[in-house]
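If you check TrEMBL, you get these features:
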type: BINDING; residues: Gly16, Ser17, Gly18, Lys19, Gly20, Thr21, Arg127, Val136, Tyr137, Thr200; note: GTP binding site
type: BINDING; residues: Ser37, Arg42, Gln63, Leu64, Val65, Gly90, Phe91, Pro92, Arg93, Gln97, Arg160, Arg171; note: AMP binding site
type: DOMAIN; residues: 127-162; note: domain 'Adenylate kinase active site lid'
type: REGION; residues: 36-65; note: region 'NMPbind'
type: REGION; residues: 126-163; note: region 'LID'
Amino acid sequence: MVLQRVIRAVIMGPPGSGKGTVSARITKSFGLQHMSSGDILRANIKEKTELGLLMKSCIDQGQLVPDDIMSRLILNDLRKIDSSGWLLDGFPRTVSQAEALDHVYSVDTVINLNVPFQTIKQRLTSRWTHIPSGRVYNTDFNPPKVPGLDDVTGEPLVQRDDDRPETVTRRLKSYETQTEPVLEYYRSKGVLETFTGTETNKIWPHVEAFLHRKFSSLSQRAA
């Protein structure tokens, strides 16, 4: 599908909601650039940019990166691709960041993936990793041949701290507290579209059909 107008979209969803998979499908199907706040942050820290050094200092001290620094960082990257359509992932995370984005760009649509926390907990806590190789197994749908051991080396698998049940619960609660005001902000602007389900492959056709309709109407209005 060729877009006649620059489309600007945001995707939201808790860790483990399938956001990465859906983002990849959106960028491939609609030709948008995937702008991940985590990738932008890591690139700036690696390149030791002014904002990257500021953020590294915050992270090293165990502090949250202030909204204004995060907003400047993301907006700097978005300005570099001004003429391209994009899908923003991981930003905005607060209402202040959403307002900073709104001052510069008009967001056409916000895709919100609403996957039950119980489904996510089951999905994430079933993950076991072979640390040296990075191979990931899932005891539900991609189990190792021998329980607890890597298929290739036979070495033991471990559950990363991020995938432990107590950590997953804490992360999900933190996400809910932090992002509910952002969802409400976009809901009040009439651009929020929520997709509920437990399987990415069943959610995706609804997301795709919605975006085809949305982008088609936006392109017609621009014509």
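Residue numbers in this text run from 1 along the chain shown.
Note that Cβ sites are derived from N, Cα and C of the backbone, with glycine treated the same way.
Break the region 'LID' (126-163) down by DSSP state and the numbers are 3 helix, 12 strand, 23 coil. The binding-site residues listed here are Phe91, Tyr137; among them, Phe91 has the most other Cβ atoms within 10 Å of its own Cβ. Of the residues the record lists as binding GTP, namely Gly16, Ser17, Gly18, Lys19, Gly20, Thr21, Arg127, Val136, Tyr137, Thr200, the two whose Cα atoms sit farthest apart are 19 Å from each other. Comparing Cβ neighbour counts within 10 Å across the binding-site residues Gly16, Gly18, Gly20, the minimum falls on Gly20. Mapped onto DSSP classes, the region 'NMPbind' (36-65) shows 21 helix, 1 strand, 8 coil. The most densely surrounded of the binding-site residues Ser37, Gln63 is Ser37 (count of other Cβ atoms within 10 A of its Cβ). Counting other Cβ atoms within 10 Å of each Cβ, the lowest count among the binding-site residues Arg127, Arg160 belongs to Arg160.
Tyr137 (GTP binding site) and Arg160 (AMP binding site) have their C-alpha atoms 12 Å apart, to the nearest angstrom. The distance from the Cα of Val65 (AMP binding site) to the Cα of Gly16 (GTP binding site) comes to 23 Å.
Neighbours of Arg127 (GTP binding site) among the binding-site residues Phe91, Arg93, Arg160, defined as a Cα within 10 Å of its Cα, are Arg160. Within the set of binding-site residues Ser37, Gln63, Phe91, Arg93, Arg160, the entry lying nearest in space to Gly16 (GTP binding site) is Arg160 (CA atoms). Annotated pair Phe91 (AMP binding site) and Gly18 (GTP binding site), C-alpha to C-alpha distance, rounded: 16 Å. Counting in whole angstrom, Arg93 (AMP binding site) lies 16 from Gly20 (GTP binding site) by their C-alpha atoms.
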